[in-house]
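Here is the structure we will look at.
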Amino acid sequence: MASANTRRVGDGAGGAFQPYLDSLRQELQQRDPTLLSVAVAVLAVLLTLVFWKFIWSRKSSQRAVLFVGLCDSGKTLLFVRLLTGQYRDTQTSITDSSAIYKVNNNRGNSLTLIDLPGHESLRLQFLDRFKSSARAVVFVVDSATFQREVKDVAEFLYQVLIDSMALKNTPAFLVACNKQDIAMAKSAKLIQQQLEKELNTLRVTRSAAPSTLDSSSTAPAQLGKKGKEFEFSQLPLKVEFLECSAKGGRGDAGSADVQDLEKWLAKIA
């Protein structure tokens, strides 16, 4: 019965091509072994092109830019400024907001900006919902209160980066240091340095914690290079920093300082 089943399977679509493939292989081997090597090389190139076409088409379908951050980081106002250019009073939300954003480049591309809730009980839940469509992540930081919130910021950033490392599309990643119009705001360089220190501490703490994984579970991803002080450059995805201000330097009616953010969005679109 096994041989009969095998014959029936071979007589299908695959079996129809088998005699042709066998004769082609024999002919190539008889004529010149080098010819067979060339044929294999050409086939490898074709398979590589098909693979990259698949990756590119998948990347093209991912048009979402996720705005994440702690509550009161100013990400919702940043979201509104990019879309309308206007100031608007905002409040903490328990759901997401999304809109099409026309990027400022010669290609006329568009992105879908998605503002995710910053509340601690909701932010990871919404990140899970939208991460598969993410072309980019904008992690918004309140530069004015960063010094006292650095541990909370680093904790959330750690969770996002660990999750992003598991994503196959490795989204573009930006830390937007917002509220630069406030006198006590920390610079993007200082924020980067302090976050690297905090993330290094978190990494050591997490790795030293007792594991609760059973034999069927997957070990958590390692953030950065083992045995070295953590730096963002060690990650498989590129993390960039820039300074911005959603409110603007002249009060509510003032124009926002979001030009660098607009340029970054145009670059990754």
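Backbone N, Cα and C atoms are what each Cβ position is placed from, and that goes for glycine too.
Per Swiss-Prot, the features are:
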- 69-77, 90-93, Gly118, Ala246: GTP binding site (BINDING)
- Ser110: phosphoserine (MOD_RES)
- Thr212: phosphothreonine (MOD_RES)
- 35-55: transmembrane segment (TRANSMEM)
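Most Cβ neighbours within 10 Å among the recorded positions Ser73, Gln91, Ser93, Ser110: this distinction goes to Ser73. When the binding-site residues Cys71, Leu77, Ala246 are scored by other C-beta atoms within 10 Å, Ala246 scores highest.
Counting every protein chain shown, the Cβ of Gly69 (GTP binding site) has 26 other Cβ atoms within 10 Å. When Cβ atoms from all protein chains are considered, those within 10 Å of Lys75 (GTP binding site) total 26, not counting its own. In this structure, the C-alpha atom of Ala246 (GTP binding site) lies 21 angstrom from that of Ser110 (phosphoserine). In the three-state DSSP reading, Gln91 (GTP binding site) counts as coil. Note: the Cα of Leu77 (GTP binding site) and the Cα of Ser110 (phosphoserine) are spaced 20 Å from each other. Checking each of the binding-site residues Gly69, Ser73, Lys75, Gln91, Ser93 against the residue listed as 'phosphoserine' by C-alpha distance, the shortest gap belongs to Lys75.
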